[in-house]
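Undergrad: Copying in the features that TrEMBL gives for the protein in this structure:
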DOMAIN    93-274  domain 'Tr-type G'
BINDING   102-109, 167-171, 221-224  GTP binding site
Amino acid sequence: MAAASFCRLKLISLSPNSPLLHHHHHHHHHSRRCRNFGFNYFNRYKVRSPSNIRLRVNCQTTANVESGSEVSNSDLQLAVAAGKDRLLKVPTSNIRNFCIIAHIDHGKSTLADKLLQMTGTVESREMKEQFLDNMDLERERGITIKLQAARMRFMYEKEPYCLNLIDTPGHVDFSYEVSRSLAACEGALLVVDASQGVEAQTLANVYLALEHNLEIIPVLNKIDLPGAEPNRVSQEIEEVIGLDCSNVIYCSAKEGIGINEILNAIVRKIPPPPDTTGRPLRALIFDSYYDAYRGVIVYFRAIDGTIKKGDRILFMASGKDYFADEIGVLSPSQLQVDELRAGEVGYLSASIKSVADARVGDTITHYTRRADQSLPGYKEATPMVFCGLFPVDADQFPELRDALEKLQLNDSALKFEPETSSAMGFGFRCGFLGLLHMEIVQERLEREYNLTLITTAPSVVYRVNIINGDTIECSNPSLLPEPGKRSSIEEPFVKIEMLTPKDYIGPLMELAQDRRGEFKEMKYITENRASIIYELPLAEMVGDFFDQLKSRSKGYASMEYSFIGYRESELIKLDILINGDCVEPLATIVHKDKAYAVGRALTQKLKELIPRQMFKVPIQACIGSKVIASESLSAIRKDVLAKCYGGDITRKKKLLRKQAEGKKRMKAIGKVDVPQEAFMAVLKLEKEVL
Ligand SMILES: Nc1nc2c(ncn2[C@@H]2O[C@H](COP(=O)(O)OP(=O)(O)OP(=O)(O)O)[C@@H](O)[C@H]2O)c(=O)[nH]1
């Protein structure tokens, strides 16, 4: 994360007589200095500089200090002292580890915030940002990408309890991360919007939680809304999930209703972690991120044994060993401790250079006293979707490589290798977990690294069986072996479950059918809502499937998908020729029954998207050497140009500026300028044509 316009410090505790409170107006310097103190109370939270940071003063008063203000060493010592109050050790039987399962927008972040406030972990903030969602992109999209954790202290029947909240990402692309964070907990809050109901994603995560034997506490959120129907929704939870809702908690995270009941239920219902402190160390990594100043910070849950500061540790899957230079808890800012025991949740840093060496799901053990077996459930990240990324300006190639390397330090699921194409020049073929992951990476490359990129249409990974008996993987349509060399092609299939009000069953089944879906099952989960299950090729979901699902159901349907394996399909490669040149990045792999329709639709779409040139440009779709569809872009007539340039000066300027902007995302293919949109055209074909 190299975003220059953001600094990352916030929320440190200070004593009320801290000189900072008197002098903060006088000392200004760049925030980088603060990081150089080498202290760790500066957390990952970002504050839009130059906005203010808020300082806690003994958990009560607050003061605003301009971000980047001088913070002295002694202030930081005091901060530690204040923080230590909250570190009081509790017996294992007083620990509770839990997560929150909720559909997007049902109020997970708002509730997490309230739990932190009610337990005095953070004070009520007027800041807009919510604690558990940090990245800007996340906030803008209203989704949670990375996991976080927070430790809270809560008094129950006069005894102190330590409650660890582990956050989970809310998108299917990250279901592996979800499963790892569930594995770090003994219980989960199931938060359902009382004015909506159970959604597909919630359901999928509840099943995951049940597989991990988590105690599930149902919570109906947003009961303050006039449209809330707590009775209907709790009945739905009982029917759909089979969860007893007689003691369901009514909550309004926004108004702070029901928060105490939730905290009490966590203590009463969720079992404490088993006390296995005597066993060899096993700790589960549920998140890790790269910090430019300290290396990788690993978030873990100790399952067995004890980990101490300075211990030599081994990561069982990666085989790498390190010294745990620093361990600590997340309260939610990082506070150092000397040891963490079975059942506890915390972080460590050990001069690890890349998150790939401390992957989510890996098991940490001691180098000398090793555990026999690693914890179950570890999986390598397998990218499912690939695309080509090319700098518009060829000079930016080295910058693009640097940027990808930097992103990869923090994202072990991101894969890339150089790709050269006669049409596009030098770039990279990149692999992603899914479409959302792809969009996030593209956006970060452009936003944080100031790159202007041309992205080619995403492709899945095909398995091509070669005549000689070999099988090769192909994620780049232009590299598909010739028909004469291959015996068959297999493509990845997914199972999707759509939940929808009954009015939209028809349009959604039609959608799945259009996408080569095979109907599996439909059932009414309540009187008005149905679950529809299909199996279909992943390639048919890449693109606008989700948008279509939303628009055809007026936003009411939700979906969830999982990979089910490879199946043989009758696939062929469709090439696109522009002005007689084959444009590799426009090549696409399609089912043979759809080839003609796609060819026609694609040439028409390209004709719309490619600006007219000074000469006539033929656009053709071909299978092998056979042209199956053809369009032609007529030349710009001289007088049209003359008219444009003959106008008054402001108009001329405007036109030039517009051209300059347009130019940013053009790639010259032969003599023809092809805009970015053209490379994505295959995803935007009119439905009627297909
Ligand atoms: N009326 C009402 N609105 C709420 C309540 N809780 C949350 N909201 C609103 O619902 C919206 C979504 O809340 P978030 O907490 O961001 O939801 P989330 O589940 O974390 O969403 P993601 O981060 O996108 O997964 C926000 O606009 C909240 O202000 C509530 O109890 N009552």
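Cβ atoms are placed via backbone N, Cα and C, with glycine included.
Automatic prediction, not curation, is the source of TrEMBL annotations.
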Undergrad: Does DSSP give Asp105 (GTP binding site) helix, strand or coil?
TA: coil
Undergrad: Going by DSSP, give the three-state secondary structure for Ile223 (GTP binding site).
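TA: It is coil.
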Undergrad: These are the binding-site residues: Ala102, Ile223. Which one scores highest on other Cβ atoms within 10 Å?
TA: Ala102
Undergrad: Report the binding-site residues (Ala102, Asp105, Lys108, Thr168, Ile223) that meet this criterion: Cβ distance to the nearest atom of ligand 1 under 6 Å. Use sequence order and write none if nothing qualifies.
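TA: List returned for ligand 1: Ala102, Asp105, Lys108.
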Undergrad: I'd like the Cβ neighbour count for Lys108 (GTP binding site), meaning other Cβ atoms within 10 Å of its Cβ, all protein chains included.
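TA: Cβ-Cβ neighbours of Lys108 (GTP binding site) within 10 Å number 25.
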Undergrad: I'd like the Cβ neighbour count for Asp105 (GTP binding site), meaning other Cβ atoms within 10 Å of its Cβ, all protein chains included.
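TA: Cβ-Cβ neighbours of Asp105 (GTP binding site) within 10 Å number 15.
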Undergrad: Quick one: what's DSSP say for Thr168 (GTP binding site), helix, strand or coil?
TA: coil
